[in-house]
Amino acid sequence: MALKHDWTKEEILEIYNKPFMELLYDAATIHREHHDPNTVQVSTLLSIKTGGCPEDCGYCPQAARYHTDLEGNDLMSVNQVKAQALRAKASGSSRVCMGAAWRNVKDGEEFDNVLEMVRSINKLDMEVCCTLGMLTENQAQRLAEAGLYAYNHNLDSSEEYYKEVISTRGYQDRLDTIGNVRKTNVTVCSGGIIGMGESEADRAGMLVALSTLNPQPESVPINALVPVEGTPMEEQEPVPIWEMIRMVATTRIVMPETQVRLSAGRTQMSREGQAMCFFAGANSIFAGDKLLTTPNPDVSEDMEMFKMLGLNPQKAFEKKSQPESVAAEKSKYQSQGEKPRWSRPEHKIDRNLEAQQNAKTKA
């Protein structure tokens with residue numbers, strides 16, 4: 001059966017709102033047609049540069065304009081990252097995703113160091129993913145040459161609700177970055193967050209945006225908002241587990257071949273709830289004691305859960321072969337001293353402005 005790239009919001013809403021047991025059955029059936037239901041990818045998310053981001057994302061404690069008591073750190077060294085990757089591999093992870101709190105990639109020493117990090121992790125026979133903000137086609141090509149397996153750039157929500165969350169960067173800017181990644185052999189990881197105050201129609205809208213990409217993203221992380229004090233969304237109520245399961249199941253039906261990743265918010269989910277998500281089609285998790293800045297179950301807890309459920313960690317490069325890594329001196333693509341161009345909507349989001357004012361008061 002050919003993948004469908006013309007899903008409408010109405011079609012996706014109809015799936016999302018099916019009777020719960022029917023939705024689970026449909027999703028589980030499709031999941032088994034495309035994936036081993038007993039195999040789950042384990043990925044470790046590593047914050048290589050924390051805090052100080054100039055964006056105003058309403059959910060994010062790394063935004064410099066909000067007061068969140070976050071302890072920032074400069075870019076980690078290549079050796080520090082390699083040591084963390086070795087630790088992750090020993091714990092059962094097959095992928096390392098490096099996150100830097102940047103609006104965009106800038107050519108120069110720091111990006112050169114990130115490229116070396118990619119090379120060093122690739123040599124450990126692990127899948128390497130990065131989430132570094134916006135990037136140009138040339139920068140994407142250089143990451144691909146270094147041996148990058150995946151690039152993460154989330155859409156966050158529907159295009160309509162996105163405007164209630166972020167004013168410093170447009171939705172199309174995110175799609176443009178995904179487009180630049182698609183011009184290389186790097187796979188795309190892109191998903192979003194539920195629980196930010198969006199409607200079911202917004203959740204469907206996000207899945208429309210993702211599923212109509214051709215090809216569809218190889219990975220789609222589904223995050224449940226973790227409210228952080230000091231951010232504009234600090235008072236949002238936790239997402240009910242039933243909504244998370246519905247979102248996972250709908251994503252699986254709409255994008256059958258994609259790896260659906262249970263991401264932020266797992267500390268709020270029982271093992272029973274997570275098991276239902278796996279049954280509904282989730283086949284990837286982020287492991288480690290925190291995801292960038294938010295709490296996450298300990299790896300040993302996850303391995304215990306896997307044992308209980310009869311799940312096996314996915315081996316590296318099961319979905320796609322290991323990328324070749326080219327040494328810096330042999331690189332076909334050189335620094336052009338460029339940075340991405342992006343729109344600056346700069347419309348007013350009241351709760352973001354209020355949190356920003358509160359931060360000034362506390363300072």
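Please read every residue number as a count from 1 along the shown chain.
Backbone N, Cα and C atoms are what each Cβ position is placed from, and that goes for glycine too.
Summarising the annotation, Swiss-Prot assigns [4Fe-4S] cluster binding site to Cys53, Cys57, Cys60 and lists sequence analysis as the type of evidence. DSSP classifies Cys57 ([4Fe-4S] cluster binding site) as coil under the three-state reduction. Long-range C-beta contacts of Cys57 ([4Fe-4S] cluster binding site), restricted to its own chain and to partners at least six residues apart, with a cutoff below 8 Å, comprise Ala63, Asp156, Val165, Ile166, Thr168.
Look at Swiss-Prot and you will find Cys97, Cys129, Cys189, Arg261 tagged as [2Fe-2S] cluster binding site, backed by sequence analysis. For Cys189 ([2Fe-2S] cluster binding site), the same-chain residues 6+ apart in sequence whose C-beta sits under 8 angstroms from its C-beta are Cys97, Cys129, Thr131, Ala150, Tyr151, Asn152, His153, Pro217, Glu218, Ser219, Val220, Pro221, Arg261. In three-state terms derived from DSSP, Cys189 ([2Fe-2S] cluster binding site) belongs to an extended strand segment.
Sequence-distant neighbours of the compositional bias 'Basic and acidic residues' (316-353) (same chain, 6+ residues past either end, Cβ-Cβ under 8 Å): 39, 56, 58, 94-95, 104-108, 111-112, 115-116, 118-119, 122-123, 125-127, 134-136, 138-139, 141-142, 144-149, 163-170, 172-173, 176-177, 185-187, 218, 232-233, 259. Per Swiss-Prot, compositional bias 'Basic and acidic residues' is recorded for 316-353.
Marked as compositional bias 'Polar residues' by Swiss-Prot: 354-363. The compositional bias 'Polar residues' (354-363): residue composition by secondary structure is 9 helix, 0 strand, 1 coil, according to DSSP.
The domain 'Radical SAM core' annotation in Swiss-Prot covers 38-266. Each residue in the domain 'Radical SAM core' (38-266) has a pLDDT score, and their mean in this model is 94.
Per Swiss-Prot, region 'Disordered' is recorded for 315-363.
In this view, Cys129 ([2Fe-2S] cluster binding site) is surrounded by 25 other Cβ atoms within 10 Å of its Cβ, with every protein chain counted.
For the compositional bias 'Basic and acidic residues' (316-353), residue counts in helix, strand and coil come to 7 helix, 0 strand, 31 coil, using DSSP.
Within the same chain, residues at least six positions away from Cys60 ([4Fe-4S] cluster binding site) with a Cβ under 8 Å of its Cβ are Cys53, Tyr66, Thr231.
Long-range contacts of the compositional bias 'Polar residues' (354-363) within its own chain (CB-CB distance under 8 A, at least 6 residues past either end) are made by residues 56, 58, 65-67, 230-232, 234. When the neighbouring Cβ atoms lying within 10 Å are counted for each of the binding-site residues (Cys53, Cys97), the highest count belongs to Cys97.
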